[in-house]
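Written below as structure tokens is the structure these notes are about.
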Amino acid sequence: MSNVLHIPSYLSAEHLGPWETFLVQIDRVEPHLAAELRPLVPILTRPMRALIVNVPIRLDNGEMAHFEGYRVQHNLSRGPGKGGIRFHPRVTLSEVMALSAWMTVKNAVVNVPFGGAKGGVRVDPKGLSPAELERLTRRYTSEIHILLGQDKDIPAPDINTNEQVMAWVMDTYSMNEGRTAMGVVTGKPVSLGGSLGRRDATGRGVFVSTAEAARRLGLEIAGARVAIQGFGNVGDAAARCFADAGARVVALQDDSGSIANPGGFDVRAVKAWRLEHGMLAGAPGAESISADDFWATDADILVAAALENQITAANARQIRARLITEGANGPTTPEADLILQDRGITVIPDVLANSGGVTVSYFEWVQDISAFFWSEEEINARLERIMREAFSAVWEAARQKGISLRTAAFVLGCERVLTAHKLRGLYP
Ligand SMILES: NC(=O)C1=CN([C@@H]2O[C@H](COP(=O)(O)OP(=O)(O)OC[C@H]3O[C@@H](n4cnc5c(N)ncnc54)[C@H](OP(=O)(O)O)[C@@H]3O)[C@@H](O)[C@H]2O)C=CC1
Ligand SMILES: O=C(O)CCC(=O)C(=O)O
């Protein structure tokens with residue numbers, strides 16, 4: 001791969017938003033695609049459809065507030081749209097477009113029969129009461145109802161959305177349809193058609209893909225030092241998996257700050273502290289450190305499980321880990337990607353590393369449609385098998401073509417998507 005950051009001429013290197021990052025990734029992948037699929041690449045460079053909605057709600061004090069929401073379906077060639085809903089103050093259309101596009105590639109990499117979609121509302125949910133959050137969720141769901149359906153577009157959790165939010169999505173959609181529609185959303189509570197294993201699935205998949213890479217790199221997981229950015233759904237589950245496998249979680253960072261413990265945290269105790277106190281600082285065994293020190297942590301493995309654009313040209317040279325796992329979507333900028341590659345640091349890309357969540361969402365959808373539910377052991381075993389197979393395919397392609405794991409994963413995913421287009425026929 002070239003060491004020159006190859007950005008389409010109409011984009012500026014310093015101002016890459018998530019959508020532009022996706023375009024750069026596609027640009028890098030195109031030369032490696034089968035020649036007969038290359039003319040179809042423009043299909044990937046714009047979303048199939050995007051809906052912008054106004055989400056008005058009445059606040060508890062009686063005033064009205066208006067929020068902007070989105071649902072983007074990037075590509076539906078391989079099945080209904082699938083992807084989470086994010087509530088965050090920095091949600092933009094560009095971000096949701098990129099997140100939906102990464103879902104297209106991710107769903108194809110693990111070969112689940114979905115296209116790519118994503119949704120979001122620009123809101124700080126931490127500033128809303130539970131009743132306001134419910135009203136926001138219900139109004140947003142009603143506004144995007146025209147796109148949703150178990151065979152059209154199936155949301156799931158993402159940042160700041162959880163099982164309760166998914167239950168409200170399911171209920172609102174069902175009210176508007178006049179029937180109970182379990183299969184319209186995944187990541188629901190288990191007592192409401194949710195799947196065993198979904199809550200931890202993304203973090204478990206992060207662990208499985210890291211273990212696969214570590215084995216090939218000759219890095220023992222037992223005793224390995226792990227730093228994790230993001231201690232929410234993905235980061236917390238991943239931390240427990242690493243700790244249970246004998247690794248030492250030596251640094252953690254969330255929006256409240258960064259903490260370190262070279263001996264390794266009791267991650268369950270840290271989570272309990274975080275829930276009770278609303279911050280990582282002061283957790284058992286924790287020394288507070290700066291964000292710069294977090295990135296420079298002396299660790300073997302770094303898991304990025306928070307937001308986009310966290311590993312940048314500014315901190316990529318400080319990272320000491322040999323292996324980086326992208327639990328988050330889009331945590332590494334294209335420029336940082338090249339720096340890490342030059343430094344010989346292996347990056348397991350988001351479209352592979354965090355695909356455990358959508359894989360178990362697929363199981364949830366299948367279980368809801370068939371009204372037949374599986375055991376947790378069965379779900380975890382199937383998840384691990386799918387992730388190991390996807391990992392092997394990506395690793396092998398990267399080795400054979402001499403490309404990064406990200407480019408290899410994109411080649412696998414994009415070729416599946418574009419082959420589906422080719423087989424369906426080009427529109428007259
Ligand atoms: N949930 C899922 O199944 C899947 C999620 N993902 C991706 O994983 C990532 C995390 O999602 P998820 O765990 O669900 O979200 P959560 O909302 O559960 O957790 C997000 C975590 O990121 C932290 N965070 C937010 N902003 C910052 C910041 N500026 N610096 C450091 N940490 C920050 C939050 O801290 P705080 O709690 O202090 O706000 C929290 O610990 C996202 O990129 C998401 O798209 C990918 C696949 C599936
Ligand atoms: O579980 C799902 O359907 C999608 C989860 C998600 O949003 C993601 O993988 O980024």
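Yeah, the Cβs are placed from backbone N, Cα and C, and that goes for glycine too.
Automated prediction, rather than curation, is the source of TrEMBL annotations.
Listed in TrEMBL for this protein:
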- Lys118: active site, proton donor (ACT_SITE)
- Lys82, Lys106, Ser361: substrate binding site (BINDING)
- Thr202, Asn233: NAD(+) binding site (BINDING)
- Asp158: site 'Important for catalysis' (SITE)
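Features as recorded by TrEMBL, highlighted on the structure.
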| residue | record | Cβ neighbours (10 Å) |
| --- | --- | --- |
| Lys82 | substrate binding site | 29 |
| Lys106 | substrate binding site | 28 |
| Lys118 | active site, proton donor | 32 |
| Asp158 | site 'Important for catalysis' | 26 |
| Thr202 | NAD(+) binding site | 31 |
| Asn233 | NAD(+) binding site | 25 |
| Ser361 | substrate binding site | 28 |
Lys118 (active site, proton donor) versus recorded positions Lys106, Asp158, Ser361 - nearest by Cα: Asp158
Near-site residues: substrate, ref Lys82, Lys106, Ser361, CB cutoff 8 A to centroid: Gly83, Met103, Asn107, Val112, Phe114, Gly116, Ala156, Ser355, Gly357, Val358, Thr359, Tyr362
Length of the line joining the Cα atoms of Lys106 (substrate binding site) and Thr202 (NAD(+) binding site), in Å: 13
Distance, Asp158 (site 'Important for catalysis') to Lys82 (substrate binding site) (CA atoms, angstrom): 12
Distance [Cα-Cα, Å, rounded] between Asn233 (NAD(+) binding site) and Asp158 (site 'Important for catalysis'): 9
Pairwise Cα distance maximum in Å, substrate-binding residues per record: Lys82, Lys106, Ser361: 13
Distance from Asp158 (site 'Important for catalysis') back to Thr202 (NAD(+) binding site), taken between C-alpha atoms, in Å: 11
Ser361 (substrate binding site) and Asp158 (site 'Important for catalysis'), Cα-Cα, nearest whole angstrom: 12
